[in-house]
């Protein structure tokens, strides 16, 4: 289908070039017979789809003419949704992760009350467990009843949990409240990404995921740096009160401005094929589109309010906007187990878990090393190392977000058929992975032999690990949801749950490992295992298409 050349369709949604047609009968007719029948193609989809055609980018998934389709939201509304979700992620995760900076203010109070240091450490370990539990429970529910009710419930529970943390009167109360906060904040790792996945096209996903991740890191790092100073000036409970306010604001904004984003699509839409005959206004001079025709970012799209209810502020406020189907909870749990065993999914999930585990091992060791001879940093200066993460987060926007999407589009345009292979995204993993493996080996030698290297090596290693963590998340996630779009929800659960479990198992004995075999050997083993993941990634890059094709029968 030849398309008139103009600006990006997503931008035109805001500028009015996605037209609203009250009477589609007056538009030029399209080939109803051709579009009305089922596709002759297989019902199995392995992720390979046409992304480039005639100098334009195909919109995948193909949007419908329904005003309720979240892909038809204007650009400003999508950006607002991502901003609110970022606030939720910062509120939910920073309240958990910042405990390391606050524990020096909290621990003396509990030690005086007779609570052991081991018990106090459970304020961090048990909430981490509830992050995984929250993902496993929330995603099946989000598929069964919709994204919006689960998001609203989560933000409300986060607010309640933060207030309980601030007002706690005992250690058990504090621990229980932090577990509630973790359970409510778990959706930051999976449900939030699913909502972003729902509202953006394939060629925009990596950039949007990275904007979300980088913004989260920027705010988290800033708040962690400020946490010790805030606790010292106002008391550690003030930290929880601040997040009570943030999570309360997040609940109100989510209720007002984040609509339901679940929208049921036919499989053909994920191939980029038009399945809704009312989506495009075709000039009479243009040939009638055939079944399987594509919609590009240069086509003028039509919103049909004759056959569909219009989107209004009131309609967006509905709590339950989709038909509830409790049977989908069991189905989703089954899908989570199935996709976990897909070889390429397992590789991405374990890769994320391994590097997060290595990062935790570095986090455990760098502080004590910097405050000891020969570096002799002041204790108040150690948290300032987080400033480097702000630079890395900004660097990742073009390096992992923009570049990953552009690489996928560019490689599709190099092919005559314009087909997109999800493995093309993995190219952007090469530099972060190899660079961090080199730093891991050097860091182990630095811990073993303090003074052999400048303290800048420690700073670079600690902050550069954010690069591989974001690369594994952004590149790995977009690769997998491109491969199996009908299983996006299950995939978005597998990655964080596996990451948390592997990370915990790998890092919990870090101190013992270093005491028994030395830091050089410990981080040398990490380097060797990481290189094995790199070699496996080469195999996934060249043979991933066959893996996807084999697994596709269980992913539709």
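Cβ coordinates are placed from backbone N, Cα and C, and glycine is handled just like the others.
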Annotated stretch (transmembrane segment, per TrEMBL) among the listed ranges 17-40, 41-64, 209-232: 209-232
Most Cβ pairs under 8 Å with the transmembrane segment (238-258), selected from 126-143, 209-232, 425-443, 513-542: 209-232
Leading stretch by Cβ pairs under 8 Å, where the reference is the transmembrane segment (175-197) and the options are 150-169, 455-481, 513-542: 150-169
Other parts of the chain folded back onto the transmembrane segment (150-169), taken as Cβ under 8 Å at six or more residues beyond its ends: 88, 91-92, 95, 138, 141-142, 176-178, 180-181, 183-187, 191, 195, 237, 240-241, 243-244, 247-248, 250-251, 254-255, 258, 319
Stretch contact, the transmembrane segment (513-542) with the transmembrane segment (425-443), Cβ-Cβ under 8 Å, 3+ pairs: yes
Proximity verdict for the transmembrane segment (488-507) and the transmembrane segment (126-143), three or more C-beta pairs under 8 Å: yes
Result, the transmembrane segment (126-143) in contact with the transmembrane segment (344-364) (3+ CB pairs under 8 Å): no
Distal contacts, the transmembrane segment (126-143) - CB-CB under 8 A, six or more residues away: 96, 150-151, 154, 175, 178-187, 189-191, 194, 262, 328-333, 336, 489-490, 492-493, 496-497, 500-501, 504
Close approaches to the transmembrane segment (384-404) from elsewhere in its chain (Cβ under 8 angstroms; 6 or more beyond its ends): 206-211, 213-215, 217-218, 221-222, 224-225, 366, 370, 425, 428, 432, 458-460, 462-464, 466-467, 470-471, 474-475, 478
